[in-house]
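*Asks:* The structure's right below; bear with me while I get my questions together.
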Amino acid sequence: LTLYEKKSVLVNRELDLMGMGHYQHLIFLLCGLGYFLDLLYAQVFSLVAGPIRAEMGVKEADIGWLYASFNAGLMAGAMGWGMAVDVIGRRWCFNLTCLISTVFGFLFALPSSFPSLCVLSAGVGIGVGGNIPIDATIVLEFLPKNRRYLLAALSTFQPLGTVAASLIAWAIIPGWSCPQTSGSPCPKADNMGWRYTILTIAFITAFIFLARFAVFKFRESPKFLLSTGHDAHALDVLYAIAVFNGTPLPALSLEDFQALEYVEWRKDVKVRDVEQQMEAEPKTTRGWKSKLGGLEKYVGHLGGMFRSRVYAYLFVVLAIAYMSLFFSFSIAGGFLPLILAARGVEMEMSQSQTYRSYVSIYLPGVTATWAAAYAMDLPKIGRKWAMVFAAGLMGASLFLYQLVNSIPANIAFNALEYWCQSLYSALLYAYTPEAFPATYRGSASGMLSTLGRVAGIVAPVVAGRVYTGGDSPGVLYLAGGAAWMSMLAIACLPFDTRGKEAY
């Protein structure tokens, strides 16, 4: 182990002795609300698109720019915040993502210009996009080892966000909207439902921000502090958590860390930390870094990942898994309605019926995330093979869509596909931060999330070339095959994280 990893083991032992206290429960709840916001906004933009078209006369072919802008913001947010959480720390990112989402959420309800809405949706995406890599990282770094299954349970908040958005829209939009079938744009005064819906969600986001920033005092992660050389501060955080939880103060002291440093010095180890490997790098690498100048401050920590064969291989395998997963469900979401229409399944439903069907589809996903939490600690299965099983189920559910020929069957198979997708995603989002050290944990999670979202944007373009019109089974095969490609990638993971130290 490196010096940093040895110190992390000592911190882990203290967290294990503390157990699951009040501080950890609040961290889980507040980070879960970050997951909640991720799909709350993703769902609400699809629900307000129809009323926006009716009011502003947006062509059907152009409404996709609203989703594209939001997804572009999500990509920028996942990459930017994922890097920032390893550079400026967990605490600032924990609060700033919610603040940005709040501000742009309120602003989104103001314009009557479609291009302005697209810009503001990208702003919301920048804030929301960092939630999953940041919140998963934070929860992991405060949990005792025997409670790490809660990383998968964290994803429970995602289907809750989807259901909440559908319920809010169901309650507000139908009564405050003009008919979407009218040929001409309707007055703003008759179409305030989508604005009231967005404002309601912005108020929810503001409440979450205030709970994080003003009500709860979030302490910087001890793992981040260790990785940046602030050992005394890391100990202060452990003591503060113990006081908050009402548990005995940790026995760990600064002298324990200094003893480890002395041992390393006696062994004449030049590499003191994961971050301090400049002397161990080849000269060509040092020259490359010197050319980067100030940029090295922000990306230099990634060197530890790409110098290690195990972590570099792990990143590539997970990149394939993430991209295949996002590719799969993006195709399903975009082309299943077209296939159903070609089969003669009339999907003409009122707004109220549509939003009610969303609740029926997404609410069962809550049980999938708890099934994922249970599966994480199954003996001889663990995270890896549970993910293989879940991805296989997801692919099979997409192939089974060939059987859908009615609205009830559509809702049932949509719910099945979403349940399998939720099971797999919960396990994947839990495994990723566990697998990487704290030095570049957030950056790796953010980059993987970004690659997944890129694949999600490319997927409809690729599927459009496969889709031949009418009942085109090739699209279903493409979506199901991508899910199984993700399954094969997971089967190639170099290790499982069950029982493994999280450094």
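Numbers here mean position along the shown chain, with the first residue as 1.
Glycine is treated like the rest: Cβ placed from N, Cα and C.
TrEMBL annotations: computationally assigned, not manually curated.
Look at TrEMBL and you will find 27-498 tagged as domain 'Major facilitator superfamily (MFS) profile'. Under the heading transmembrane segment, TrEMBL lists 26-45, 65-85, 92-110, 122-143, 150-173, 193-215, 310-335, 355-373, 385-404, 475-495.
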*Asks:* Check the transmembrane segment (150-173) against the transmembrane segment (385-404) for contact, please; criterion is three or more CB pairs under 8 Å, pairs 6 or more apart in sequence.
*Replies:* no
*Asks:* Taking the transmembrane segment (26-45) as the first stretch and the transmembrane segment (92-110) as the second, find out whether 3 or more Cβ pairs fall under 8 Å, excluding pairs closer than 6 in sequence.
*Replies:* yes
*Asks:* Counting Cβ pairs under 8 Å that are 6 or more apart in sequence, does the total for the transmembrane segment (122-143) and the transmembrane segment (385-404) reach three or more?
*Replies:* no
